[in-house]
Structure formats: C-alpha cells, structure tokens
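Chemist: Have a look at this one before I ask anything.
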Amino acid sequence: MKHIADLRKSYESGELDEAFAADTPLLQFDTWLQQALSAGLPEPNAMTVATVSADGRPSTRVVLIKGYDSRGIVWYTNYKSRKGQELAGNPFAALQFHWVTQERVVRIEGRVEKTSAEESDAYYDSRPLDSRLGAWASPQSQPIGSRAVLVANAARTAAQYGLHPPRPPHWGGYRLVPDRWEFWQGRKSRLHDRLVYRLVDGTWLRERLAP
C-alpha cells in the first residue's frame with residue numbers, strides 16, 4: 001500500500017500573471033468559473049463554506065453556488081442548519097472553490113447577509129418539486145431516527161400542498177459580500193502563483209503573495 005506521505009503531483013497546467021489578471025476579482029472569478037464550466041469539470045459550481053460558532057469552533061460543508069454579481073456570492077439553505085445558526089451568531093464566512101483538473105483554487109472572505117424574500121421565493125419556485133418538498137421534509141442538522149422520517153415528512157408535505165408547496169420560512173438564500181479574494185494557480189516546483197484582492201476604502205487592491 002502506498003503511503004499517503006509519498007503522494008506527489010507536479011503542477012504545470014497554467015500560470016497566473018499580474019499582466020493578464022483582471023482588474024477586479026469578480027471578473028477574474030467569472031473568467032475562471034466559465035473556463036471550468038467549458039472544460040466540463042465535475043460540479044464546478046461546488047464550493048466549501050466555512051463558518052465559525054460563537055465559541056470559536058469552525059465547521060465546513062460543500063454547497064452549490066447559485067448566483068454571483070457585484071453584490072456577492074449566493075447560495076440557498078436551511079436557516080436552522082448548523083451553518084445558519086453559526087451565521088446568525090457570527091456573520092463572517094469564507095468560501096473556497098477547488099478546480100482540481102485546472103490546478104486552481106479561489107478563496108473568498110466576507111460578511112454574510114440573507115437574500116431578500118423575493119430572491120429566495122424566485123429561486124425556490126424554480127426548483128424541481130422533489131427539492132421543494134425536501135426543504136420542508138428535512139430538519140437539517142438535527143438528529144432523526146431513520147430515513148423513513150424524511151420520506152414520511154415529504155409525503156405529508158406533498159399531501160398538504162400538492163404541486164405547489166410554498167417556500168418554508170426557515171429556508172432561503174445567503175449572500176457573502178466579499179472583502180477579500182485569493183486566486184491560486186499551481187505551478188512547477190511548488191512555486192505557485194497567488195494573487196489576492198483586498199477591498200480598501202471601496203477600491204480593490206491587488207498584490208502577489210508568496211506561495
């Protein structure tokens with residue numbers, strides 16, 4: 001059996017040079033995300049969300065980005081979940097995208113706010129029926145006796161609302177408003193490229209970090 005400490009990889013897929021990087025992090029992110037989508041990478045929209053509890057204990061989970069623009073990065077979830085509870089007490093979070101094939105990582109930090117009810121309603125209504133029922137069926141992050149509990153909850157919701165279940169009041173969107181972005185491109189000899197964008201007095205400042 002190969003020892004995990006002996007696993008090696010040479011990073012040679014690309015480079016990240018200031019001369020060709022975008023002036024704003026949102027444009028740089030859009031460029032990389034569109035390239036990941038065009039390359040057919042598996043779930044290029046998957047991102048890790050890191051939150052911290054009131055007593056300083058961090059936790060992470062993978063969710064799917066559902067929108068991004070000049071206001072921030074959007075995803076949807078159960079507000080009563082662990083991440084929801086932690087964001088209620090500490091509204092700062094970090095996101096990470098890892099596109100393995102392209103040897104790229106994007107890290108984003110900032111303050112998190114809820115999306116408007118109108119935004120949450122619009123996205124919820126666009127989801128498949130099973131997903132809308134699932135938002136009612138799952139008491140996310142809470143212990144349950146068995147999977148049968150979820151199935152029964154979904155069936156009960158379907159019987160009550162039919163084809164048009166409303167959005168649960170405990171389910172909706174979050175938007176991370178970035179104040180820091182970092183773009184990492186793997187390079188040969190572990191001399192990786194790292195560019196960071198920091199928001200200072202309303203202006204994005206870009207600088208290179210040592211790998």
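Cβ from N, Cα, C; glycine included.
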Chemist: If Swiss-Prot says Arg61, Val62, Val63, Leu64, Ile65, Lys66, Tyr76, Thr77, Arg82, Lys83, Gln140, Ser141, Trp184 bind FMN, which of Arg127, Arg175, Arg194 does it name for the same site?
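Modeler: For the FMN site that includes Arg61, Val62, Val63, Leu64, Ile65, Lys66, Tyr76, Thr77, Arg82, Lys83, Gln140, Ser141, Trp184, Swiss-Prot also lists Arg194.
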Chemist: Return only the integer: C-alpha distance in Å from Tyr76 (FMN binding site) to Lys66 (substrate binding site).
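Modeler: The separation of the Cα atoms works out to 7 Å.
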Chemist: Using only the Cα atoms of Arg8, Lys9, Ser10, Tyr11, Lys66, Tyr123, Arg127, Ser131, Arg190, Leu191, His192, which the record gives as binding substrate, return the largest interatomic distance in Å, rounded to a whole number.
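Modeler: Value for the max Cα separation, rounded to a whole number: 44 Å.
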Chemist: Rank the binding-site residues Arg61, Arg82, His192 by the number of other Cβ atoms within 10 Å of each Cβ and report the first-ranked residue.
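Modeler: When each Cβ's neighbours within 10 Å are tallied, His192 tops the list.
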